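Accompanying notes for the structure given below.
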Amino acid sequence: MVKVDSDTPCFVRVQCVDCENEQILYSHASTKVDCEVCGKTLAIPGGGKAEVNSKILEIVG
């Protein structure tokens with residue numbers, strides 16, 4: 001698991017490691033985020049920053 005390396009909340013484009021679907025999620029997500037295609041958990045809340053279980057492609061905003 002990787003925490004997003006940004007103190008400022010932002011949106012992050014990630015890629016699911018199972019189905020390669022790309023999805024945008026919030027870096028400070030307060031709920032579990034699942035892949036819209038296969039249902040794999042992409043991120044879980046981590047006491048502020050989300051812990052990302054997928055490949056981070058870029059910071060969107």
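Along the chain as shown, residues are numbered 1 onward.
Just so it is clear, glycine is given a Cβ too, placed from its N, Cα and C backbone atoms.
Feature list (source: TrEMBL):
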- 16-38: zinc finger (ZN_FING)
- CYS16, CYS19, CYS35, CYS38: Zn(2+) binding site (BINDING)
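Same-chain residues with CB within 8 A of the center of the CYS16, CYS19, CYS35, CYS38 CB atoms, the Zn(2+) site residues themselves not counted, are VAL17, ASP18, GLU20, ASN21, GLU36, VAL37, GLY39, LYS40, LEU42. It is CYS35 that, of the binding-site residues CYS35, CYS38, has its Cβ surrounded by the most other Cβ atoms within 10 Å. Remote same-chain residues near the zinc finger (16-38) are listed as 4, 6, 9-10, 44-45, 48-50, 52-55, 57, 59-60 (criterion: CB distance under 8 Å, separation of at least six residues from the stretch ends). Note on the binding-site residues CYS16, CYS19: the fewest other CB atoms within 10 A surround the CB of CYS19. Averaged across the zinc finger (16-38), pLDDT for the predicted model comes to 95.
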